[in-house]
Amino acid sequence: MIFNHHQSVMLNESIGALNIKTDGIYIDATFGRGGHAQGILNKLGEQGKLIAFDQDINAIEYAHKNFTDSRLTLIYSAFSNMLNIITQQGLMSKIDGILMDLGVSSPQLDNAQRGFSFKADGPLDMRMNQTTGMSATQWLNLANEEEIANVIYQFGDEKRSRHIATRIKKYQQKHTLETTLALAGIVSKVVKRQKNKHPATRTFQAIRIFINQELKQLEDVLEQSKDILRKDGRLSIISFHSIEDRIVKHFIQKNSRQKNLPKGLPIIDYKIEKTCLKNLGKYFASKAEISRNKRARSAILRVASKN
């Protein structure tokens, strides 16, 4: 098996959080270039199984070329379809753990043709699955100024969102906005450069999240996980920005918080509504990892188990 240059963030911590059983069945919801998947396979015995999802055909093609392990099943699909696929495979409530790495992989960022990067010029696409949906260029040309501003503010926490949207529409009066560097240039005229952060970071993040409906897909798969996991099954989720982390945090808290106790004494056990999850905490990358891989500095790992 051949790895490319992509470094999986918090590899040992996220896999350790799964508490892997050698004969267990696990899901890697975001295969990418297979770093976490290989880590899971390394801990599984001959009877163990790993099901890996990815909606990027490049990731699936890479997996077919570089992974020959018979314990691995590849699914070309967004992870929001997990419940349907696991049901079809007869594995409902039989999964021992689900791992999600919510970051964009280095090959996606580094390939200018994908449209994720503001560092190299390419078509303004940003779709994880380039065979479906609307590209960033198409959306920016169809959306009005208010819609663009709202997306950049809501999904990017960008305070200058309205000024950016105004500049985008002004640019489009004379030009077609269709390249990454054109968009980055527009944003850079509005947002001041911060230390270690490109002015267009939040805008690109926001448009990517919106185009791919990433937060809706995350909310969907989190709810599905409650039915997919077996008792004591683990959730191990790495997020890279505050919006995703808030969704994961609130999901775990909501489902691990003890409900109000019934009135009256004595309190009978069967009348106490059981919590669905147990919150097993949050973790950050080590200083050593951050020094090797700057992407790790914003990573937050949250872990939970099913009651």
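Using N, Cα and C of the backbone, Cβ positions are placed for all residues, glycine too.
Source: prediction; values computed, not measured.
Swiss-Prot lists GLY34, GLY35, HIS36, ASP54, PHE79, ASP101, GLN108 with the feature S-adenosyl-L-methionine binding site, giving sequence analysis as the kind of evidence. Listed in sequence order, ALA29, THR30, PHE53, GLN55, MET100, GLN217, VAL221 are the same-chain residues at least 6 apart in sequence whose CB falls under 8 Å from the CB of PHE79 (S-adenosyl-L-methionine binding site).
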Cβ neighbours of GLY35 (S-adenosyl-L-methionine binding site) where a neighbour is any other Cβ within 10 Å: 19
GLN108 (S-adenosyl-L-methionine binding site): tally of other CB atoms within 10 A of its CB: 21
